[in-house]
Amino acid sequence: MNLPWALLLVLLSHRQLLPWLRTVGETSLNDFYSEAQAKLFLQFYEQTAQVVLNEFMEATWNYVTNITKQNQKNMLQKEADRSQFMLYFSTRARMFRTDHFLNQDVKRMLRKLQNIDKSALPTEDLLEYNRLLTYMETAYNRAEVCLDEGPCLTLEPDLQEIMATSRDQKELLWAWQGWRDAVGRQLRPVFEDYVRLSNKAAQYNGYKDMGALWRSKYESDTLEEDLEQLYKELQPLYLNLHAYVRRSLYRYYGPELIDLRGPIPAHLLGNMWAQSWNNILDLVLPYPTKAPEDITAIMKIQHWRPEKMFEEANLFFTSMGMLPAPPAFWIKSMMEKPADGREVECHTSSWNFYKFNDFRVKKCTEVTLEDLLSVFHQMGHIQYFLQYQNLSVIYQEGASPAFEEAVGSVIALSVSSHKYLLARGLLSQPHQDSEEEVNFLLGIALEKIAFIPFSYLVDKFRWKIFDGTISKITYNQEWWNFRLKYQGLCPPVPRSDDDFDPGAKFHIPANVPYIRYFLGLILQFQLHEALCEASGHVGPLHQCDNYNSKVAGKILGDLLKLGSSRPWREVLQEVTGESNISTKAFLTYFKPLMDWLVTENVKQGDTLGWPDFSCSFEEKITSKVSFLGTDTEPEQAYLGQWVLLSMSFFMLVLILALGFRLHYLEKQLLDEDTMILKTLPYSYFLGIAMEPHQAARKQWLLLGLCCILMLCCIGLLIRIVTQNTENTPWMKNEGQS
């Protein structure tokens, strides 16, 4: 049934539409838009939203776990229905004058209901936007990098495995460049339209641009300033880690690839996006003779399977007195990549289906320590869903997006501890000495500290695109300017604005805000410290393990039960005693490592940062091309080239016709009677009377000149075409560095 009619039926069946119909012709709407009516309005929204949202989530799940045209069509239809539904209720929520409402909960729910993101777009724009988003995400999910003579490789697990385990810089370069060429260049032509429609949606919601709408989720007027301050407080940690890792890579790869005062090539850090460096721990280990045990290898020896990894995470939460994953979770989740040949979206995510106890995870799990920690993170999302499922649909989200990301990572900090891994049989050495402790902390730092600048810059970059600071012709150049400024990284081969390297990161084509990960990274340590103090932990923060701590579980569960029903600052205040996100716990956790890094870098004489360095970039300040000595737009140049070609063809046909006509006339003149020639002694050439044989000679000369001009025209055209399509140097030589 079409949604508007279904909605009308439901409205009538609940007797909620009649008050709205009766208002027509009334002298005053004050009674109708009263606080009491607002409560009835919200009750009805609750009853209908669960059905509409569940249908949309089911259709989307069906598509991402089985990418077909029919499933895509169904998903887009349900998305259109959901958007129409949200627009209906958002429009009516704006009609309530909440200034004099006494119930703060009603005011908060109405305010949240008014912000409906892309659903505010007009129908045609919304359909175009949804098609665009689907195209970008599908292009990302289906992208492959093909060997010259061999199979084509997908991102997960193939290319990620190469980036994590290979130490051959040429192979790493092949995977790194191949992925960006396969994805980014598909997305580059459509990204401008995505930005335009995103901003249009934001403006319909009352915001200047989409960046402003995204920032509004944090209910803070000083968010950007607060973020900059947090980043500055953590920057010394990153700079010291960067300098240490750079020197370690210099020892392995040599001066041909690494400059001890410069940025690091982005393909050498063990991760497709260089956001986490833990896969190169073996290259940078401070004390190689005391290398940590290979937990991934131990898991495989013990025959761990993806489902066991999820069971282990579930056990951790229940040990703290929290809720177990429901039976439907184990049946409906996609815990590993299907073996039946289906195309799926492998990017890890957790799903709330707005139906009692229907929560799922989608993950192409591999048996590795990295994926084990990721599983714990996802089960943190599931725990959040379980805890707040009794709240209104409007409140079924984290206190802020950062809280959603922090919850699972809080548990992962305990899981990473030596104490927990030993208890679960994943380590055999009962104690750590000081050198082993430094090795351990560096392993954590390669994941957490290395992530600081990347998690900060992704949205900072997008916000500047949305507000127009970064123009479409410099997307890629500005991306690498950000990567250099904040991460100290450069592309291993020159890139141009024909490329679109931001699109090689899932969250860009999938339209997922990213600043949540930066704030969540800091918040997880702040929450971890509070839970450890509550559970009575004594000793360094990195040794704390909250497994079996019912006290910590009670505090965390109470936080999760609130959903987004209260401002995040109030929630944080109750748990930590602070109303602001603070870096103090983060710095405390890594203080032993920071002291060691500073000492080591001073001893080696290492430079912090990358002063006076820039990345090699094939600059294209303008998209104009040269045509006949003038700069013009590519489309105009191509049109001009086709006009020249058409003119050349026309001239060729004309010259051939004239030649045949001339030959015929000349033959006719030679065959005519001599007496006739005497009566017509002259022919004309360009209006001048002359002997027939002289006129014929000049006509042949003119024909030859026209042929020469035609050949020159064709030669010029060929030169223009070859000039514009010439390959860039780094595309010719894959091994160039």
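In case you wondered, yes, glycine gets a Cβ from its N, Cα and C as well.
As written in Swiss-Prot, here are the features:
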- ARG180, TRP479, ARG483: chloride 1 binding site (BINDING)
- TYR218, ARG516: chloride 2 binding site (BINDING)
- HIS377, HIS381, GLU405: Zn(2+) binding site (BINDING)
- ASN390: N-linked glycosylation site (CARBOHYD)
- 640-660: transmembrane segment (TRANSMEM)
- 661-700: topological domain 'Cytoplasmic' (TOPO_DOM)
- 701-721: transmembrane segment (TRANSMEM)
Residue among binding-site residues TYR218, TRP479 with least C-beta crowding, 10 angstrom cut-off: TYR218
Near-site residues: chloride 1, ref ARG180, TRP479, ARG483, CB cutoff 8 A to centroid: ALA266, ASN476, TRP480, PRO491, ARG495, ASP499, ASP501, PRO502, ALA504
For TYR218 (chloride 2 binding site), the three-state class that DSSP assigns: coil
Minimum Cα separation from HIS381 (Zn(2+) binding site), reported as the residue among binding-site residues TYR218, TRP479, ARG516 that achieves it: ARG516
Among ARG180, TYR218, TRP479, ARG483, ARG516, which are recorded as binding-site residues, the nearest neighbour of HIS377 (Zn(2+) binding site) by Cα: ARG516
Cα-Cα distance, maximum over ARG180, TRP479, ARG483, record's chloride 1 binders, Å: 15
Mean per-residue pLDDT computed across the topological domain 'Cytoplasmic' (661-700): 59
Cα-to-Cα gap, ARG516 (chloride 2 binding site) vs ARG180 (chloride 1 binding site), nearest whole Å: 24
Remaining residues near the recorded Zn(2+) site, that is with C-beta within 8 Å of the centroid of the site residues HIS377, HIS381, GLU405: SER350, GLN378, GLY380, GLU404, ALA406, VAL407, GLY408, SER409, GLY520
Minimum Cα separation from TYR218 (chloride 2 binding site), reported as the residue among recorded positions ARG180, ASN390, GLU405, TRP479, ARG483 that achieves it: GLU405
Recorded positions near GLU405 (Zn(2+) binding site) (Cα-Cα within 10 Å), from ARG180, ASN390, TRP479, ARG483: none
Where GLU405 (Zn(2+) binding site) falls in three-state DSSP terms: helix
Chain-internal residues, separated by at least six, CB under 8 A from ARG483 (chloride 1 binding site): ALA266, LEU457, LEU489, CYS490, CYS615
